[in-house]
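First the structure, in the form of structure tokens, and then the observations on it.
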Amino acid sequence: MGKGDTSETASATPAYRSVMEEYGYEVGKIIGHGSYGTVYEAYYTKQKVMVAVKIISKKKASEDYLNKFLPREIQVMKVLRHKYLINFYQAIETTSRVYIILELAQGGDVLEWIQRYGACAETLAGKWFSQMALGIAYLHSKGIVHRDLKLENLLLDKRENVKISDFGFAKMVPSSQPVHSSPSYRQMNSLSHLSQTYCGSFAYACPEILLGLPYNPFLSDTWSMGVILYTLVVARLPFDDTNLKKLLRETQKEVTFPANLTISQECKNLILQLLRQSTKRATILDVLRDPWMLKFQPEQPSNEIRLLEAMYQPTSSAKRHQSLEITT
């Protein structure tokens, strides 16, 4: 437990700033808000770099968040190092707050970009989608699922490269429980890792989540990737999420594309592979090998592919047909 930071008066330096200064951080402007805290830009004087500081109020946060989701988020982020993921640097806990020091992405997020400029050219969509796919391949190869992929969680650095953020719902799948599928990687209904409680936004949720069924979190991630790719090239979500029943009906049908937009058939095919029922839905391995994806990412991540192939090996064991229900 760190030092206390509860004393705060109108005339004094805010307590969170004093705590940050003790650790060498000069806190700047607010760059984001969450349910339980605020994200600030900060300057780390010891290494002369800009960072992001997520400050979580223990008073505002629920016990479930403080005791389960926040420790899990920190645990997951500590083991991750990838150029398309927001990197974790440090966590500091005091009597009233938790401070998480993260890599700073200075270009805003992809949702803001779409709202400002509209649909992406397919070349830009391909760049951002392939970067996201490489980040997710890295996660999945480590047995980690994100479970909250959405446009606002795709941050942009100063060169407009994607950085996947917000690991608050991420989860490590136990390595002792290998993932099984058919050799085609498509019979994923037999996968051994099912989550029971939904995490994330309904607009990006796969049909099995909307139906309240246990779901495969690896495949829920790839469904969300399909929603993201569609929105990149169309500038609107593929399904109307204003009404849950309507949303569920729409996700049961094949997604359609506006006639007035020029979208390549290869791009459409990938979207259709992602936005389909779980037994036929593309895995991250399928995405890496997709013809449209390969146009933008010809160099394959060999280490991740090797690990993913090992995860998806078929098995003759009866365990293949069993489901292990895991808690959130």
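Going from the start of the chain as shown, residues are counted 1 onward.
Glycine too: its Cβ is placed from the backbone N, Cα and C atoms.
In this view, ASP148 (active site, proton acceptor) is surrounded by 20 other Cβ atoms within 10 Å of its Cβ, with every protein chain counted. Residues annotated as active site, proton acceptor in Swiss-Prot: ASP148.
Cβ neighbour count for ILE31 (ATP binding site) (all protein chains, 10 Å cutoff from its Cβ): 16. The feature ATP binding site is assigned by Swiss-Prot to ILE31, GLY32, HIS33, GLY34, SER35, TYR36, GLY37, THR38, VAL39, LYS54, with sequence analysis given as support.
The domain 'Protein kinase' annotation in Swiss-Prot covers 25-293 and is backed by sequence analysis.
Summarising the annotation, Swiss-Prot assigns phosphothreonine to THR197.
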Alpha-carbon spacing, SER35 (ATP binding site) to ASP148 (active site, proton acceptor), which is rounded to whole Å: 15
Residues near VAL39 (ATP binding site) in space but at least six apart in sequence (CB under 8 A): ILE30, ILE31, GLY32, HIS33, ALA52, VAL53, LYS54, ILE55
DSSP three-state assignment (helix, strand or coil) for ILE31 (ATP binding site): strand
Among HIS33, SER35, GLY37, which are binding-site residues, the residue with the most C-beta atoms within 10 angstroms of its C-beta: GLY37
Max pairwise CA distance, angstrom, over record-listed ATP binders ILE31, GLY32, HIS33, GLY34, SER35, TYR36, GLY37, THR38, VAL39, LYS54: 15
